Amino acid sequence: MESSNKTSVTNFILLGLSDVPHLQAICFLLFLLIYTITLLGNFLIIVVVGFAKLCSPMYFFLSNLSCVDICLSSTVVPRILVSTLSHDTSISFLGCAAQEYFLAALGATECMILAIMAYDRYTAICHPLHYNTIMNKTFCIYLTLGSWTVSFLNSVIHAFLTFKLPFCRSNKINHFFCEMPPLFRLSCKETLFNEILMYIAAGLMALSSFILTLISYIHIISSILKIKSTRRREKTFYTCASHLIVVMLFYGNILIVYMQPHSTFFPKRDRAVSIFYTAVTPMLNPIIYSIRNQVFLGALRKLVNKKMFLSRLLKIAIT
């Protein structure tokens, strides 16, 4: 019976968006604006870091974070835009599985990259004399490759076990996109094992990354408080303030979505939080980092001036 019910589900219906025409138009414009800013902001960071040759480990990790944010947002927002325009909120079984897989993998990658960035700031502030030795190029590459690899391998297990469940209660997902908690509620089979596995994974990856970040900042704040000069203290804290804001935004949303008990399900709240960390946070990250980073802004100005200078030379050469 379970097998027949499972195989009968060939697609899912996403119920997240409103059926009211004017609200759909507002949602479309809002998501389009968010996605455009996300792509422009994160691509700008990657281009500036690459072309301005900002070789510091911090900017290497920031480029990786921008790649994660572009992919994370692209996993969700384009599908919402297409569904809103076509008025077709259905998604195929394989499409839903792929979306859930990439969401879980990219979310875990972002957690780990943020933890690595916190460790980088800890090393720079607490061990400045040994910073270049500890955070060498090879070590940084291994850290980022390890984050991407572990996260994507871990997501394979979750996607496989989630989509082996028999979805015989309904094929209507009370969400904007395919995510584990809403999918569990469609299964007529007990999902306790899947939930425990999800909590364990969240504990090992998201929570351990958060604890590593927290420990790093305890040491950072302790070192900052020992600095006698108020100006130097403020300047040192300023170098990690942007990262601290991003950490609070991201981890706060992740913990609400994935660490809540099965019984405490509030669809509207969960949808809002999920949209925030998959669409809004990737848009805010480049804004937070770029506005507060004088080195980045200086490199951007140099690139813009260089481009203007080259374009003028080209015009003179043509004329």
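Cβ from N, Cα, C; glycine included.
Given the structure is predicted, the values throughout are model-derived calculations rather than measurements.
For 23-52 (among others), the entry in TrEMBL reads transmembrane segment. Among residues of the same chain six or more beyond the transmembrane segment (23-52), those with a C-beta under 8 A of the stretch's C-beta atoms are 17, 59-60, 62-63, 66-67, 69-70, 73, 77-78, 80-81, 84-85, 87, 279-280, 282-283, 285-287, 289-290, 296, 299-300, 302-303.
Among the features that TrEMBL reports, domain 'G-protein coupled receptors family 1 profile' is placed at 41-289.
Here TrEMBL flags 59-81 (among others) as transmembrane segment.
Here TrEMBL flags 101-119 (among others) as transmembrane segment.
Long-range contacts of the transmembrane segment (139-161) within its own chain (CB-CB distance under 8 A, at least 6 residues past either end) are made by residues 57, 60-61, 64, 97, 100-102, 104-106, 108-109, 112-113, 116, 180, 193-194, 197-198, 201, 205. If you look up TrEMBL, you'll see 139-161 (among others) marked as transmembrane segment.
What TrEMBL lists as transmembrane segment is 196-225 (among others).
Residues annotated as transmembrane segment in TrEMBL: 237-260 (among others).
Marked as transmembrane segment by TrEMBL: 272-291 (among others). Within the same chain, residues 31, 34-35, 37-38, 41-42, 44-45, 62, 65-66, 69-70, 72-73, 75-77, 103, 107, 175-177, 179, 242-243, 245-246, 249-250, 253-254, 256-257, 297, 300 sit at least 6 positions outside the transmembrane segment (272-291) and bring their C-beta atoms closer than 8 Å to a C-beta of that stretch.
If you look at the transmembrane segment (59-81), the same-chain residues 6 or more away from its ends with a CB under 8 A from one of its CBs are 16-17, 27-28, 31-32, 34-35, 38-39, 42-43, 45-46, 49-50, 91, 99, 102-103, 106-107, 109-110, 113-114, 116-117, 120, 140, 144, 147, 176-177, 275, 278-279, 281-283, 285-286, 289, 296.
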